[in-house]
Number of protein chains: 2
Amino acid sequence: MSFLQLVAGKPLATSEERAEHIGPISGIPVFGLDALSSAAYGPEAALTLLIPLGAAGIAHIVPISFAIIALLAVVFFSYCQTIDGYPHGGGSYTVASENLGETAGLLAAAALMIDYILNAAVGISAGVEALVSAFPSLLPHTLAFCLAILALLTLINIRGTKDTGIAFLIPTYMFIGTLIAVIGIGAFRAIGAHGHPVPIVSPPHMPPATSMLSLWLLAKVFSSGCTAMTGVEAVSNGTAAFRDPTQRNAKRTLTIIIVLLMIFLSGIALLCRAYNIGATDPASAGYQSILSQLISAVMGRGWFYYVGSASILAVLALSANTSYADFPRLTRAIAMNDYLPHVFKIRGRRLLYSHGIVALVGFTAALLIAFGGITDRLIPLFAIGAFMAFTLSQAGIVMHWKKQGGRGSFHRMIVNGIGAVATGLTLVVVLVAKFTAGAWIVAILIPALIFLMLAVRRHYRGVGQEIAIDRPIRLDNLAEPLVIVPLDRWSRITEKGLRFAMKLSDHVEAVHVDAEECRDEVAEMWQRNVALPIEQTGRAVPKLIFLSSPYRFVLMPLVEHILQVEREHPDRQIAVLVPELVVKHWWQTPLHNQRAQVLKLFLLVRGNQRITVINIPWYL
Amino acid sequence: MSFLQLVAGKPLATSEERAEHIGPISGIPVFGLDALSSAAYGPEAALTLLIPLGAAGIAHIVPISFAIIALLAVVFFSYCQTIDGYPHGGGSYTVASENLGETAGLLAAAALMIDYILNAAVGISAGVEALVSAFPSLLPHTLAFCLAILALLTLINIRGTKDTGIAFLIPTYMFIGTLIAVIGIGAFRAIGAHGHPVPIVSPPHMPPATSMLSLWLLAKVFSSGCTAMTGVEAVSNGTAAFRDPTQRNAKRTLTIIIVLLMIFLSGIALLCRAYNIGATDPASAGYQSILSQLISAVMGRGWFYYVGSASILAVLALSANTSYADFPRLTRAIAMNDYLPHVFKIRGRRLLYSHGIVALVGFTAALLIAFGGITDRLIPLFAIGAFMAFTLSQAGIVMHWKKQGGRGSFHRMIVNGIGAVATGLTLVVVLVAKFTAGAWIVAILIPALIFLMLAVRRHYRGVGQEIAIDRPIRLDNLAEPLVIVPLDRWSRITEKGLRFAMKLSDHVEAVHVDAEECRDEVAEMWQRNVALPIEQTGRAVPKLIFLSSPYRFVLMPLVEHILQVEREHPDRQIAVLVPELVVKHWWQTPLHNQRAQVLKLFLLVRGNQRITVINIPWYL
């Protein structure tokens, strides 16, 4: 255990659990990290799609960014009301299943599960993109870095939530500081230069245009850019964590986060146009992220650039951390409703739901490996889950207000309704624009997940009904079981089995399967070592039964015999004692036949409630 | 079972076993196949090494073949005496371990195991070489054909020895007929043409010489050619199968086989020289086997060629069959002496030792895949095992005669001694000449196998001593076991466990691990459903014990508690009843936690002879 403790920390007692009560200062890192870090990959994803338009395409980022900011404003007001409606925290799954019914709940559950996994993958790979922009020689190792960060995050999270809070504070504020400084100074210079500032380090030249502007292209750019909005639901999910006055603190935190995000998105868009910064192909050797180009252009490649890049890497990697906190909590909530295996309900040694973390890490690693660790390819899959969750959550809140009725609820319904319609429309745009680029995967995955969850629930319900009883224990027919002991040669193991059988019952039957044609020998051994001595003590002498086995099978005649005994005694429990040699080392296993295990399996498959197999371990 | 029966035939009763009693006519196919088919690859292997000498090299095959024939004569007389000494069959393993002690026996065992595996691999791949010689377009599929033939042979053999006898007769005699016809007609033409007959189909031209003749090269050629002798021990191994007069029939059969082999070897060598037939590179596209060239040259490429080639393919593939018969018999004999896992002793449903066949097929397939199905690369490994077995067997027979003493035994010792020395010297030549070409693998494998076999025996001896008792059953202290039942919620499963516990013993302890902090609920449930009803019947009420689990572990506190109970009651058996849900379909397994299995494992690892885990299956 000591190695495990060293890595994962000592186990935490249930009593060590505490409600975190935080204000806006620590709320921004904890709940805003995910939303704010989206600014690092949203504009990038949009600009990447503008590459085919060449240098002229860059300007289009500005109107698209403002469209996204407008959508963000709508979502902001909508989520403020979610905080009012669900002061104990309203995740999409809770809100949708409570207000829109089972199917909507499952839809939200499936969308969120996919989303959290994609969030972890995108966060990590975008972080690594920041790293390889600063150090281009690391480019070939993208995937390795992704997996290393995944491992590191897992390690941090296995130690439990208690230790992770502080790790967020510094990088988040450094990231915010970096972006505000760059945007502020950049804007100052741009205005001073009448909109045409001279970059300190020039961004790479854009390739010539290869394609024409079209509405379809703009829809795709908008769809990709929308990933900048992912993560804004975090505050309303976790409202309960804020200190009194809870709702006001939560809303204040949400406001700050949204305003910062708006500044980032508009600032990045405007400066990209001013400095002529376009995206570079993430799969090419000359790749450099938008933020990296932007910081270089405004501040040069001095210490600020490296500190800023470090904070971007840290924040992106940590934004993956949201998934570590939320995915296990989500799978637990789903498992509570019997839609996922119950293991997801078990809290591990460090107070967290370890099985959820294992599942998250497994899927994230698979995704990173499948996509070679390049964010861009993951983004189409990402936005769909996020916007489906937005839409369902807000539609749910609309129904929540409708149910509540009363003064002001109509006004609230309108606000959330606008939010739901806006994100719903965006969802349709994203789904259509990105369908061939991978969104179809999500469109298959979500129904598949829902089908799976329904099957899981049907199973649990069936089992629950089958084993439920609402009456005290039956006390009739408590006769000793009939005990059957397979018998081979006379050894300590045989003796132990027989002795245990005699302890359990007076009705013991030793069975010898005569595959080797040595019946007389066994009978003589039995008479001498078992029958005579027991007879002398006046106890019930176990019966010895021979089963002939013309085909040398040992187990089949035994199983047939046991089943026959079971049929002949419909009122008795049958206990089959199987001696089992326990070897000291695993590699000794092939040296001993595994008949005990196979017999158990046969009886499990062919047996019934009245047959019980008892392994008598013999330790070497 | 019906599919298995269709493929593998119905199971055979032990009583259906029969001693085959055969004469020379059916003895030649059964015991001679392996030896005679060697003629198809031995000369080929020798000639392949003469390729670097160009056309001039071909002539050297004649003296080398006659050297091998001389060695064969020595071995013939030696094995005739083995038939006298071991009329019930004297395989190298038996003879060496009986007469030369354990180490020599193990050496023979290791050499033979390797040899039988190589025999299967070489037989199959040489057969496929005959096939691709006839149909060169099949050359790229060499490995696939090898594996297909391996699968076919396995299928035939799984059906058991009863059906395989007849399959040998026709191809063997066709093969003998083909070779005798080719050699006879070829010799007639060669003599008629004064040693320079005109081939009907000219063999491919030999490439120019690239190397000089050296003694070292001749040693290597001789070593490869010696593989033509493999298989001559078969008759003396299986003497018991011949009908009365057993020994005379066996010797007569051996004589015919050896004479035929001598005719083949000398005939092939002389005709190769007369027709200028040299080997072709087996890895090249223009590959054609020696026999294929020879038949084409003498008989042309008519129906005779194709019928002859078919018989060569059949005989070579069937020669691999020797391994199927002998390898399982050998591993069984070794397992009887505790040097191999005892599973090799189990006779399967069709009266054969199925585990041996599985091991043989596995290793052969691995070899064929590793060497790409090309015989030539396997041959250096083959000859060593064979000659080691020859030498040990004959040296053993020398000791056998020495022990027997009496008239004539000195003469017999001389004959076998010459045989042992001759094959021993050949072994040294082969080992040295082929060391770098792969013989080193055998030189490592044999000691490794011996080490393994010694370790296996040590283990079995240790276990045997540990479990052996030579006294009747102890009958003291047959008190009922203490029964511990882990308890969670009240369900049919819990009820079944408790009822079974009460059937076994009056000392029942239900244990609830309080990981979820619901002690009061459980206590109330217990009182209502268990304690009160049982009290009313006047029976002993099981105790309910709570274990607190601050860290939410369920199993560790339980295991600790069980171990503590065990320490407190040094005179009692402890039975732990673990209810286990048995799902209907395997894929439902992840839906239920596997605590029962893990608890069993913990108790197996940490428990001792007095703790027994009883699974109470609950079938859904």
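A Cβ is built for glycine as well, from the same backbone N, Cα and C atoms used for every other residue.
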Message = Among the residue ranges A:211-232, A:277-298, A:541-562, I'd like the one that TrEMBL describes as transmembrane segment.
response = A:211-232
Ask   = Which range out of A:100-118, A:253-276, A:303-324 gives the transmembrane segment (A:378-401) the most CB pairs under 8 Å?
value = A:100-118
Request  = Quickly jot the same-chain residues contacting the transmembrane segment (A:413-433) by Cβ under 8 Å, restricted to those at least six beyond its ends, or write none.
outcome  = 71, 74-75, 77-79, 81-82, 216, 219-220, 222-223, 226, 380, 383-384, 387-388, 390-391, 394-395, 397-398, 401-402, 439, 443
Message = At a threshold of under 8 Å on Cβ distances, which of A:138-156, A:168-191, A:439-456 pairs most often with the transmembrane segment (A:100-118)?
response = A:439-456
Remark   = Highest Cβ pair tally under 8 Å against the transmembrane segment (A:138-156), stretches A:168-191, A:253-276, A:303-324, A:351-372, A:439-456, lands on A:351-372
Cβ-based contact of the transmembrane segment (A:168-191) with the transmembrane segment (A:351-372), 3 or more pairs under 8 Å = no
Ask   = At least three Cβ pairs under 8 Å linking the transmembrane segment (A:303-324) and the transmembrane segment (A:253-276), pairs spaced 6 or more in sequence?
value = no
